[in-house]
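What Swiss-Prot lists as Fe cation binding site is H109, H113, D302, and the listing cites sequence analysis. Residues or ranges marked as substrate binding site by Swiss-Prot: A132, I133, S134, G135, A136, D165, G178, N277.
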Amino acid sequence: MLTLGLESSCDETSCSLVQNGKILANKIASQDIHASYGGVIPELASRAHLQTFPELLTAATQSAGVSLEDIELISVANTPGLIGALSIGVNFAKGLASGLKRPLIGVNHVEAHLYAACMEAPATQFPALGLAISGAHTSLFLMPDATTFLLIGKTRDDAIGETFDKVARFLGLPYPGGQKLEELAREGDADAFAFSPARVSGYDFSFSGLKTAVLYALKGNNSSAKAPFPEVSETQKRNIAASFQKAVFMTIAQKLPDIVKTFSCESLIVGGGVANNSYFRRLLNQICSLPIYFPSSQLCSDNAAMIAGLGERLFCNRTHVSKEVIPCARYQWESACS
């Protein structure tokens with residue numbers, strides 16, 4: 001089956017062609033326009049998706065060496081995300097599905113991040129613990145199989161990627177700051193600042209306190225939002241970045257062994273943009289004795305290959321397929337703890 005995947009949940013537009021799980025083309029267009037604003041502007045994101053989809057679709061079909069008529073299924077990210085951005089993708093998908101007379105399936109963007117690792121590791125062991133870490137999400141799932149996701153825990157405030165971007169801004173790094181902060185942290189002393197990992201009861205996470213601790217480290221007692229940041233040496237910036245990175249990832253890592261045991265998980269699947277962080281990958285391999293599956297770098301960021309892959313799998317299994325594909329900004333998962 002040849003499946004077209006479409007992704008537009010936030011600020012990256014993507015078109016991909018996947019055939020029976022094999023990626024033939026995966027085109028991604030990032031929106032640099034948001035950098036000057038220090039964050040994603042939803043209206044600008046929607047406009048960029050609208051302008052980019054047609055040319056990106058052409059590039060994907062040419063790269064894969066196929067025509068539109070060869071497409072057998074259209075899979076689109078329809079939740080969760082920015083409602084305007086999702087609507088652009090869903091409407092574009094509906095137009096194609098109607099014109100080509102092809103079936104259309106909606107795919108959960110967060111679930112697709114976890115499925116991305118399964119695409120590259122067909123022998124993934126289940127049940128698995130799924131960890132989705134990105135700019136907008138930090139969630140834990142029990143995965144009895146590759147297409148079932150039961151919520152175990154989530155962040156109670158900021159997502160981990162959002163926290164990275166905010167701390168990067170404190171350090172004067174340009175948006176998006178996550179990768180730049182990781183690069184800065186490589187040259188720093190992770191033990192220079194005693195940022196304590198947040199401890200939240202149960203299976204949830206919290207990152208707001210850690211963000212505030214970094215603010216105090218930079219501003220001292222004058223941590224008012226209006227107070228200017230004092231001059232900080234490059235050495236101190238590197239040390240703060242390294243100490244923050246260690247603490248923020250320990251916030252997650254310290255919970256995993258007990259959760260794996262409680263839910264009898266046989267593997268750990270990690271997905272999302274933050275899953276590309278090399279420090280976190282090393283940390284997980286140190287503390288977890290079970291198999292760990294990460295997507296390749298290209299499949300960590302928002303992309304349509306994961307949308308096409310999961311959509312194709314769901315369609316072939318005839319599971320979780322709704323008759324109407326509707327964009328939805330939020331999604332409520334069934335709990336694994338009920």
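Cβ atoms here come from the backbone N, Cα and C positions, even for glycine.
Features per Swiss-Prot, on structure.
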| residue | record | CB count, 10 Å |
| --- | --- | --- |
| H109 | Fe cation binding site | 28 |
| H113 | Fe cation binding site | 31 |
| A132 | substrate binding site | 26 |
| I133 | substrate binding site | 27 |
| S134 | substrate binding site | 25 |
| G135 | substrate binding site | 24 |
| A136 | substrate binding site | 21 |
| G178 | substrate binding site | 24 |
| N277 | substrate binding site | 24 |
| D302 | Fe cation binding site | 26 |
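Residues H109, H113, D302 make up the record's Fe cation site, and a Cβ search at 8 Å around their centroid adds E7, S9, A77, V110, A112, S134, G271, G272, N303, M306, I307 from the same chain. In the three-state DSSP scheme, H109 (Fe cation binding site) is classed as helix. Remark: D165 (substrate binding site) has G39, G135, Y175, P176, G177, G178 as non-local neighbours, by Cβ distance under 8 Å and separation of at least 6 in sequence.
Distance noted between the C-alpha atoms of S134 (substrate binding site) and D302 (Fe cation binding site) is 9 Å.
Candidate binding-site residues: H109, H113, D302. Nearest to I133 (substrate binding site) by Cα distance: H113.
Between the farthest pair of Cα atoms in the substrate binding residues (A132, I133, S134, G135, A136, D165, G178, N277), the distance is 17 Å. A Cα-Cα distance of 11 Å separates H109 (Fe cation binding site) from A136 (substrate binding site). DSSP classifies D165 (substrate binding site) as helix under the three-state reduction.
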